[in-house]
Amino acid sequence: MQDLLNQILDEVRPLIGQGQVANYIPALADVPANQLGIAVYGNDGQVFSAGDADTPFSVQSISKVFSLVQAIGHSGEAIWERLGHEPSGQPFNSLVQLEFERGRPRNPFINAGALVICDINQSRFAAPALSMRDFVRRLSGNLQVMVDGRVAESEYQHRARNAAMAYLMQSFGNFHNDVEAVLRSYFSHCALRMSCVDLARAFCFLANDGFCKHSGEQILTRRQTQQVNSIMATSGLYDEAGNFAYRVGLPGKSGVGGGIVAVVPGQFTVCVWSPELNSAGNSLVGMAALELLSQRIGWSVF
């Protein structure tokens, strides 16, 4: 495995320069584009990594999985009364579909759906941002995981479209807490800084029927784990989920910080990071690396 990871990074590194770092979030635009890391975490606890796998980066939308898992943990099936689990086929920050469907988001991984999940968690936790940080620390086994305050503030200052979604949902009765407070929590989640190794460890319960071996916790039931993985497979990579299924064939979740996490049910979790994005907002080099890894080991679930 170690030799394979090294080989794959060597093969995809020439692709650096063909994408573009996220520039609509000023604090992310400064990230050096030539960084590249990958980590694989096995259900037996073995970790393999290569490149910049220990370098923390902004997880961005990858955090939506953690928020969803929190909400399922305390509210179960009730959360689906407020949002769906269908692919959207629209950009992740679209207002058009949200208006047409009367404020009920298609799934928890588009921005509107993630905001509803944060609203649900806001009603449950006295300090949602701290609760999320501590939850992710337990899952990753890294007590040094922190929120990048500069990134969170940068995103809050550019919150107009997310605020519009929240207020639109509020007008349909599908948003219950103070919009600005929920936005603060949401951006705090997105601004978590984690490495490839951190994220591969943190997602390991999704490859192990909901059980996190290193923390000894049953995070989700087996059925809930299957449900989360299925939504990742259909909606985890914005409007490029079909292409990811075709090329990689695994449940996955990406973020505009350049990270992609993928789950090999029953076996492994993988995280790859390269800051340059393709036109769909997913890591260009990361997609290529995961495609090679999945093909060469035969990991596709299809």
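Every residue gets a Cβ built from N, Cα and C, even glycine.
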Need a hand: Swiss-Prot gives S61, E155, N162, Y186, Y238, V256 for substrate, which of N23, N111, N121 is also on that list? N111
Span of the substrate site, taken as the largest CA to CA distance across S61, N111, E155, N162, Y186, Y238, V256 (Å, rounded to a whole number): 19
Around the Cβ of Y238 (substrate binding site), other Cβ atoms found within 10 Å total 22
Near N162 (substrate binding site), which residues of its chain come within a Cβ-Cβ distance under 8 Å, counting only those 6 or more away in sequence? N93, N111, L115, L183, Y186
Nonlocal residues around V256 (substrate binding site), in sequence order (Cβ under 8 Å, 6 or more apart): A22, I25, L28, Q60, S61, L277, G281
Cβ proximity for E155 (substrate binding site), under 8 A, sequence spacing 6+, ordered by residue number, returns I25, A27, F187, C190, A191
